Every structure is written in C-alpha cells, then in structure tokens.
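Colleague: Quick paste from TrEMBL:
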- ASP40, SER69: Mg(2+) binding site (BINDING)
- TYR189, LEU190, ASP191, ALA192, GLY193, SER194, GLY195, GLY220, GLY221, GLY242, ASN243: sn-glycerol 1-phosphate binding site (BINDING)
Amino acid sequence: MRSTQPQIQHNITKRHQQRLQTILRTNKESGRKALAILLDPDKVRQDELAELLVKTQQYSVDFFLVGGSLVTDYTHKEIVASIRKHTNVPVILFPGNSLHIEASADAILLLSLISGRNADFLIGQHVIAAPLLKRSGLEILPTGYMLVDSGTQTTVSYISGTTPLPRDKPDVAACTAMAGEMLGLSLLYLDAGSGARWPVSAAMIEAVRAAVDVPIIVGGGINSGEKAYSALKAGADLIVVGNGIEQNPDLLPELSTIVRDFNQSAVQA
Ligand SMILES: CC(C)=CCC/C(C)=C/CC/C(C)=C/CC/C(C)=C/COP(=O)(O)OP(=O)(O)O
Ligand SMILES: O=P(O)(O)OC[C@@H](O)CO
Ligand SMILES: [Mg+2]
C-alpha cells in the first residue's frame, strides 16, 4: 500500500541565529521591552518604505510585522526583500489567512483567534496551512490572538465573523489568556484592531499580565508616546504600531526612546 504521508522537505536555512521565541521569552524574563512596526502590504509604498527603513537604522526597532487581515496586493515578498536590504531586523508574518505565507520571512505568528468562536480561525486555516508552513522553514510562533472591542467594528472582526472581547471586562480577557497558555500557545496578542479609536486598556493588560507567564504583545490604536508608555507600563512586552507611524513619521523616534528608557531602567533595577 502506498504511504499517505505527505512528502515534506525541510528548509533548514536560518537567517537569525537565535530563535525569535527565545528572544521574546528572554526579554520577558529580564523585563526588556520591544517595539514592532506593522507593515500592511496594501498600504506600503516602496519609496516611503525605504525611507522608513533607513530611519530605523538610527531609531531602533526590534521586529517588523508584515500582514493585513484582507490583503489585495500580495507584495509580502518585496516587502521582506526591502527590509533585508536596509536592516538586520527580524521579519515576522502577521497573517490574516493561510494565503499569507511568505517563506522568505523569519517567522510567522501562527494566530489562533481565541477571543472568537469561529472554528475556521481557531484551527481550520491552520490545517490547510500546516504542510506549507512545515516546508517553509519559517519559525512558528504559536499565538493566542485576542481581539478587544475598540468602539467600532474592525476589519479583523468583520472578516473573522467574531465578536471581540468587551473592553471593560479584564477578567474575561485574563481567563481567555490563561486558557490559551494552558493549551500551549507561547505568545498572547491583545489587539484593539488596526487604527482603533481606543487601544487596549491598561487594566486589561495588567489583568492578563497577572494571569500568564508567556510574553504579551499589544497593538491597535497606539498612536502616541503616552499610549505606548501606558501599554508597556501595564505589562506589554512588545508593542505593535502600524497606522501611528504611517501617519506621523515623528512618532518612531519618540517610541524608540520610550522603549530604550524602559530597558535602561530595567538594567539599573
Ligand atoms: C493559519 C494561518 C497561516 C494563519 C491564521 C489566520 C488567523 C487565524 C487569523 C486571525 C484573524 C485575522 C483575520 C487576523 C488578521 C490580523 C491582522 C494582520 C491585522 C492587521 O490589521 P488590518 O485588519 O489589516 O487593518 P486594516 O485593514 O485597517 O489595515
Ligand atoms: O495600525 P495600528 O492601529 O497601530 O494597529 C496595529 C496592529 O495591532 C493591528 O492589528
Ligand atoms: Mg490592512
């Protein structure tokens, strides 16, 4: 009888010596904070991207996230190539579905949408993507993705057909995060959604921080130094900023300084 095992070739080329999972975990344990810039393939213009990338040589960024919930322009490969041309910063895919896999990135947030009850985004897309992911050589970062209500319906909420967590219910968020951690997810991402009117509240981040040990990513609507500071102080290990930097390039130096100051005081403490 013929074997039904898929013929999988493992791509073992590693661009980054240290696994990003290890970096994120070590950062969390030592209280080191990090900043990621989200690049949306539908919004990025190559000339503006090059300018931003050059700027990150001066104002440091820890990771680039590449993705969008609904991508119409599949330029992931070109974006990864531009990042590699100008920087050594690791590139992590932030996929909306199983079509958004690009093997030239370093890693992928393998999101399971645990704030929702749509089986397709909890496990369905993952089943479809599994053989491709295995073959890609991408580092897999299993991530509990928690959408948090931000006042208006976000693209992710509409596309996934899920209701976000109520923003004033930190306990519900904490229990969701605990369940995700117990299921073995190694990162948690609290997201108010791209361009959110209200970012995830400090109370919710604190409740999740108190409930789990895994690193916490926070994003959505962080468009000022104050909001970034508040998320980091409440317990975010990594903040993700997209629209804020797209709309105001001066935000990058400010965010970079805030993260650096946090890290200097962590070393001194
Ligand atoms: C199995 C694989 C490869 C992926 C899992 C796919 C899952 C479960 C995704 C979770 C739900 C989802 C649609 C997430 C998208 C997250 C994302 C990239 C958000 C970025 O913001 P946008 O929603 O693009 O905002 P704008 O449209 O406003 O730019
Ligand atoms: O574009 P912003 O609002 O910074 O959001 C980033 C990201 O968390 C969205 O999924
Ligand atoms: Mg988008």
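Cβ atoms are placed via backbone N, Cα and C, with glycine included.
Caution: TrEMBL annotation is automatic and unverified by curators.
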Colleague: What count of other C-beta atoms do you get within 10 angstroms of the C-beta of ASP191 (sn-glycerol 1-phosphate binding site), across all chains shown?
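Modeller: Cβ-Cβ neighbours of ASP191 (sn-glycerol 1-phosphate binding site) within 10 Å number 26.
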Colleague: In Å, how large is the greatest distance between any two Cα atoms among TYR189, LEU190, ASP191, ALA192, GLY193, SER194, GLY195, GLY220, GLY221, GLY242, ASN243, the listed binders of sn-glycerol 1-phosphate?
Modeller: 17
Colleague: Which of these binding-site residues (ASP191, GLY221, ASN243) have a C-beta closer than 6 Å to some atom of ligand 1?
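Modeller: What lies within reach of ligand 1, judged by Cβ under 6 Å, is none of the binding-site residues.
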Colleague: Using the alpha carbons only, what distance in Å do you get between GLY221 (sn-glycerol 1-phosphate binding site) and SER69 (Mg(2+) binding site) once rounded?
Modeller: 16
Colleague: Could you give the Cα-Cα distance between GLY193 (sn-glycerol 1-phosphate binding site) and SER69 (Mg(2+) binding site), in whole Å?
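Modeller: Their Cα atoms are separated by 10 Å.
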Colleague: Near SER69 (Mg(2+) binding site), which residues of its own chain have a C-beta under 8 A away, given they sit six or more steps off in sequence?
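Modeller: Long-range Cβ contacts: GLY96, THR155, VAL156, ILE159, SER160, SER194.
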